[in-house]
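Worksheet: the structure to be examined is printed underneath.
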């Protein structure tokens, strides 16, 4: 420690070094980005493919399976799921956390290219991919409304102008639009008129397609000029298509308007969107993987004036939902907790040291240590988020510890009559090793966490590094700035001149004297204390096993997502009514600010809702409580269910689900899976530990199954392809031509008039032109009957899959829910051909359970190794670590008392306690060893004196750590659900360990000393006998 004497003798250099650390920290703070949590996004790529009119089973077998076989060969894929519905397939690839998203995207594109030859030839476009997780909630939702423009026109503005501009902004990963579709010319055919004219639907299709052609025509030129040839070969509006001649009957022209209604409409008329019960187009913006939410949102908000200016004045563009306000509010709450923690810690120091001069020294060390940490955070690529700021808040009680130990020891020498300079040199020499041991052993706690892979390791890496850097800067400050300031600021102050702290000092002295008397009794009854310590260890095990557990505290982000699941045979019109009814019910809740939703597209019986809650200051209930009371009202809506869940910043997995947790059933036998899934779902629905139980298996959709009489078809001269083309032309909203415009491309859509799609009897009016050009009714060669058929087909890996989703009732923990599910699966006797496994967050929870104890054990072993190296002893580290059981009991009991489940945040609190509570033992053992090795005191006298001498700094450091964590316990604003488990764990552990450690540590110290003495005497006895 002679090196640090240089800093005492060179105050200018020391102050400039401190200033440099602080300035670097200020610069780093200004450059740090802001986010709710560390970036822990799994690389996710979504592959989409479409085949108009294809059934879900066709999409699964002809499109999804070839894609899955090719994509499944990519390295680093942790999960591959697919969903095939009417005309569309989506394959979601979730990669390992260490997989580079850009490299994965290149592999995905190569796999799509390899599978291209295996895909159906009728696909209008190649499969595409996006580097975005479709199950993530949007970071921002914009709405377009107008009293003059139609939904299709609004959708066109959103797609053509807004989507393109927003997609180019930094941080934006995907822009999806809901509520309608692009404008189109729709041709609604009258099959009766066509039959009377002897015109087939395919003839109409060909006539329209041939009338709208775009191709190069060439040019004409002479020696002087050049002319580009241009024709009117393109038709762009319904008015242009209506007079089109499609057939001649007995020499008379039959125009399109004679057999159809032609109008300017939209590509898919079965779409609806609403914002607060008003028709609207929703623009849903999702961030790119690893993009910063605040930066992304700020970029969009900054562009809003430009976006509004690009739209007609009659169109209103509003921000319906924004993730950033609650993030900013949460971070402001943490920053406030940090300031309160610093103030409380400085107050503790003043009460103990009774001098503003002495208090100013740690009061300077604390902000320098914390501010300097920002520089390291910036260099490491971290952000200002809830966890990193929580680390700094907790660090407030740690960074002052080193300064307190040095300051208190120097103050003790000055009070004994030593000059300040000499006291500083002597004091830092005496406790330098103690401070080093305390800091290094605390940092050692986080080494296993830094080496841990997976989500927990990535999630808490910033927390561990931030806290470790703050502690190391604190160590440097305590050995340089603190003794230098002590040498120049501290003076021996008569106790009589401190009237304001005399009362506190008398209390502290009485406590110290009482502690001394009780310690003597404890040392004389050491056996009972050792039994108490063993009982504490056993109690730890029992509490850990019995305490409710969850993966990550459920956040109240002020946003909720809703998923509507209606009867599988519901029509689009009825589904739109359900959406309106549900939005009305949700909007009526006093805690709800606004509601937006849409339905339609490829999933006819489902819809999505996005709900914004009022700020926490304006509502007296949590998001989960809002869901609980809405659940009762929503259950009264017949024929449909609305499942609500709070939006979370951490969502694991890529499967889109109607609830927060999933259990997936897999089988290679689709029929057996469809047999067992309803039984398992029904059993899950009866469990009180689960709520909102639902499944993505939808195999009861209404389907009209046509059976061709092939003999009759051959006799009538009709091919299967001609019959299929009839059905596709009539009912498939078939896109038969393309309209090219400067900013976008639009379609011509053909189907029979809506009047002929409302009832099955319309099939009687359908006909095919045979090889003899005669109209043959469909009923001549086909029969039909209604059956059940799947609305979607799901795969996971290459197996058929059904995912049962569920939420947790208020007050239920995830460990109870998973245990109940496992018991139910065992009791049902599910065959081995049907496999069940947790997915998404529930799967991550189960995986974390198996690693938590290993992580705690690794932290303890790491601390033991570091202490063993520092003390050159196998025994003294055990004495120091004997403080841990009491801290564990206190932490777990505190969680039980507050009704908080044991989560990853609480686990970090336990690991922090491993580093905190051993500080007290280090201070005792260090002084006892010095006294004992000097030969002046016995082991019992040495540890007794050490306990009394270090009583004041032990109380100071413990209270500092306790008050540093106390604001996290008492917080109640945005993000409190994240901060409270950490504060509860630390405060509970500190309170319990403070009471017990003061007695168990000296007893364990003497126990090991006696063992060592016995071992030494045994060889001497053997030598005397020989």
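Just so you know, glycine gets a Cβ as well, placed from its N, Cα and C.
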Inset, instruction - Out of 853-875, 922-944, let me know the one Swiss-Prot marks transmembrane segment. - result: 853-875
Inset, instruction - Write down the single range among 318-335, 336-353, 390-407 that appears in Swiss-Prot as transmembrane segment. - result: 336-353
Inset, instruction - Grab the same-chain neighbours of the transmembrane segment (12-34) for me: Cβ-Cβ under 8 Å, and only residues 6 or more beyond its ends, written as numbers and ranges. - result: 292, 294-295, 327-328, 331, 367-368, 370-379, 382-385, 473, 477, 480-481, 484
Inset, instruction - Can you tell me which of 360-382, 463-485, 853-875, 985-1007 gets the most C-beta pairs within less than 8 Å of the transmembrane segment (431-450)? - result: 853-875
Inset, instruction - Go through the chain and flag residues at least 6 beyond the ends of the transmembrane segment (463-485) whose CB is under 8 A from any CB in it; none is fine as an answer. - result: 1, 4, 7-8, 11, 14-15, 17-18, 21, 38, 360-362, 364-365, 368-370, 372-373, 376-377, 380, 382, 387-388, 390-392, 394-395, 398-403, 405-407, 410, 424-425, 427-428, 432, 435-436, 439, 442-443, 446, 449-450, 908, 912
Legend entry - Contact set, same chain, for the transmembrane segment (336-353): CB under 8 Å, 6 or more residues outside the stretch: 359, 362-363, 366-367, 370, 389, 392-393, 396-397, 400, 404, 407-408, 411, 501, 504, 508, 952, 955-956, 959-960, 963-968, 971, 979
